[in-house]
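TrEMBL annotations:
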- 35-58: transmembrane segment (TRANSMEM)
- 50-288: domain 'G-protein coupled receptors family 1 profile' (DOMAIN)
- 70-92: transmembrane segment (TRANSMEM)
- 112-128: transmembrane segment (TRANSMEM)
- 149-169: transmembrane segment (TRANSMEM)
- 172-179: disulfide bond (DISULFID)
- 189-210: transmembrane segment (TRANSMEM)
- 230-250: transmembrane segment (TRANSMEM)
- 259-264: disulfide bond (DISULFID)
- 270-290: transmembrane segment (TRANSMEM)
């Protein structure tokens, strides 16, 4: 066991694995790669800034201290870290890769896996939260904070475990024939496991939102025309962007599992597929917050705060948080054509915000 983990510090191991799986090695930077790297870094900076504005809006405005907005804040945090991790991944790629030790390589890839996984799991947590809130058709009880923390904690714990498995031993060091072409130090079975988990998550999100749609349509027919259209529009955007961004990456990883070494040249372009998948972290705040007028205003105000001095008085930047909204207006969808939130009537006079 000791000799196995000693290979983690062997600087020749990464070169050995890349030589085995790649037809050619990138030993120097090319102009085209420099342009691509610069574009990816700019994209990731946009991801960081965009999600930072969401976090500032949620943290500084008391009206956003409700379960739904805190979940959105968690999604923004995971997407922000995904942007940071992908910048590091880009800077440590190309010719630099061949100078890394296995432990450095695992840290580079693992950080990207953890943060991108956390972003996906955050999407699942939001879907679960919406399903519980809508399907039960009642306000949260006293267990609201506990359930919320459990969902957030579970999403990060699973992401840490999933991204940390290779450095803990599920890799192909010493077993070149079992190595992935896209990720040459990862075992193919680990890659298949990751794709399977993400595919199950996608199916779960689809099922949860279909369930939400069915509940809204069957239980509240009197207001189905406006509620259903707004909900279906949001769900369509969310699922459509998720599938568009992640399907190419899933496909390339499945192809990687199925292809013998050096038999599928498209696998050598896999970094473009992962860069495209990162767009999901750029678009998530747009999808989940642009359709909330209050959060959109909060984001604009947060930008004004940053422009005024990165952390100055919010009111000096023209941001008046105002009083907290009623529970029924917890998550207001834009596009319904009215200034009030949709409210679902519940026996006993209670309301649940959609």
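Here the Cβ of each residue, glycine as well, is placed from N, Cα and C on the backbone.
Automatic, uncurated: that is what TrEMBL annotation is.
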Q.
Under 8 angstroms for C-beta pairs, at least 3 of them, ignoring pairs fewer than 6 apart in sequence. Is the transmembrane segment (149-169) in contact with the transmembrane segment (70-92) by that rule?
A. yes
Here the disulfide-bonded residues are 179, 264; the one whose Cβ sees the most other Cβ atoms within 10 Å is 179
The answer for the transmembrane segment (189-210), taking Cβ pairs under 8 Å and residues 6+ beyond its ends, is 113, 120-121, 123-124, 127-128, 130-131, 162, 165-166, 170-171, 178, 180, 182-183, 235, 238-239, 242-243, 246, 250, 253-254, 256-257
Rounding to whole Å, the Cα atoms of residue 264 (disulfide bond) and residue 179 (disulfide bond) are apart by 14
The rounded CA-CA distance in Å from residue 259 (disulfide bond) to residue 179 (disulfide bond) is 11
Disulfide-bonded residues considered: 172, 259; fewest surrounding Cβ atoms within 10 Å belongs to 259
